[in-house]
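Report on one structure; see the data block that follows.
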Amino acid sequence: MTDTSLITNGQPVLAATAAAASGPEHVEVPTAYDAILLAGFGGPEGQDDVIPFLRNVTRGRGIPDERLEEVAHHYRHFGGVSPINAQNRALKAALEAELASRGIDMPVLWGNRNWEPYLEEAFTEAADKGYNKLVAIATSAYSSFSSCRQYREDYARVLTETGLIDTIQIDKIRQFFDHPGFVRPFIDGVRDGMARAIAENDGLDVATELQVLFSTHSIPSSDAARSGPDFRGFDEHGAYEAQHLAVGQVVLDQAWSELLEQPEHAHLQGTSKPAWKLVYQSRSGPPTQPWLEPDINDYMNEELKGGPTRAVLIVPLGFVSDHMEVMWDLDEEATETAGELGYWSLRTQTPGIDPAYVSGLVDLVLERVNGTPKAERPHMTDIGPWYDVCRPGCCENVRAGFKPAAAGVAP
Ligand SMILES: CC1=C(CCC(=O)O)c2cc3nc(cc4[nH]c(cc5[nH]c(cc1n2)c(C)c5CCC(=O)O)c(CCC(=O)O)c4C)C(CCC(=O)O)=C3C
Ligand SMILES: [Fe+2]
């Protein structure tokens, strides 16, 4: 008999692992998935889309249109067009090309949480084509409500609304913050960024005058505390902050050692790496609600100002592509703050469609197809490899309350 408390989305998880009371952490049993679901955030593609898009993002929270219009100005500034849909179209094409080049016959369906093409369309297309077992790639690398659980809740909501909850099984690849495919583009960006900082700032003392700012999306502190499974013993900022700190350290260490391998930088042997700091951006919500800090601009204005800093590298560590938060909050605002302080600054690349990232995502899918044992799964921090199946209560939103989620252990 199967234990029905162990469900992905109303269906028993693989029988081989259903015996464990808390469900499987890593599904080490091959699974014949019919298709990949690329699950995106979605973004507006013109001025008329902006408010309807923001209503979707804030669905169920009853935020008045006047307040949404305040948020809309970032989008309005860029003609009402978010770059995110074009980036997901490019990622879908790149995944298809990578799969084809490896001779893997798996279709890629694309659906967004907040804009066309919606998850509804992707699930309906899957059902029409008889694809009943899907493995999801959500375009978000870390553990938190916004970057993990909210996708899973939307799979459950949409499968329920479309009446497909008992037909389609959806699983997900593990959060990939420390997978080498995701980390490699950041290492390349930081290594090359340090080289440029040295080349463009005469006599720069890297150890004291260059700062590496790893930036990620701030989230409410209550979400941070609930990010990841609580039995892992993370501190009050949860898995979200711990994952970023661990990845930032790896990126800087690896970028530094690759820089020193270059003959023109060999003279840096024996000197100290630049200082680095995890900072946050894109805070929203009422000022009374605590969110993760420090904000990247506050950090420069309050901590770096008046010190020896001459150059900053801004590394968008929390982001998979150059979407609106990167283009606005980093390339406009943080870059302006750095300029006002007289700093040279450079924003380094996101993974986008970097070949390492694309092939890493395909490797992550194949882990699930092949049931790769945990011990053989690549991971660059001690925190990973992350779970295939989210743990009970993982990444819950205490503000919004409990909602059912697919692709995890219930509840
Ligand atoms: C952790 C995180 C990621 C993960 C990073 C990743 O996935 O890479 C992410 C991604 C994104 N967030 C995005 C846009 C928005 N996020 C909002 C609101 C919020 N995000 C939050 C967190 C995150 N968000 C939170 C805690 C809120 C407050 C809502 C609440 O209290 O629960 C709002 C509402 C307005 C506002 O509140 O400012 C908008 C418009 C876009 C699209 C960008 C584009 O169009 O290019 C993307 C990819
Ligand atoms: Fe967001």
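Each Cβ is built from the backbone N, Cα and C atoms, and glycine gets one as well.
Annotation comment: TrEMBL describes Ser82, Tyr151 as Fe-coproporphyrin III binding site. In the three-state DSSP classification, Ser82 (Fe-coproporphyrin III binding site) falls within coil.
Sequence-distant neighbours of His217 (Fe(2+) binding site) (same chain, 6+ apart, CB under 8 A from its CB) are Ser146, Ser147, Tyr280, Gln281, Ser282, Gly318, Phe319, Glu325. Here TrEMBL flags His217, Glu325 as Fe(2+) binding site.
Secondary structure at His217 (Fe(2+) binding site), as computed by DSSP, is strand.
Long-range C-beta contacts of Tyr151 (Fe-coproporphyrin III binding site), restricted to its own chain and to partners at least six residues apart, with a cutoff below 8 Å, comprise Ala39, Arg113, Ala136, Ala138, Ser140, Lys172. Cβ packing within 10 Å was compared across the binding-site residues Ser82, Glu325, and the lowest neighbour count falls to Glu325.
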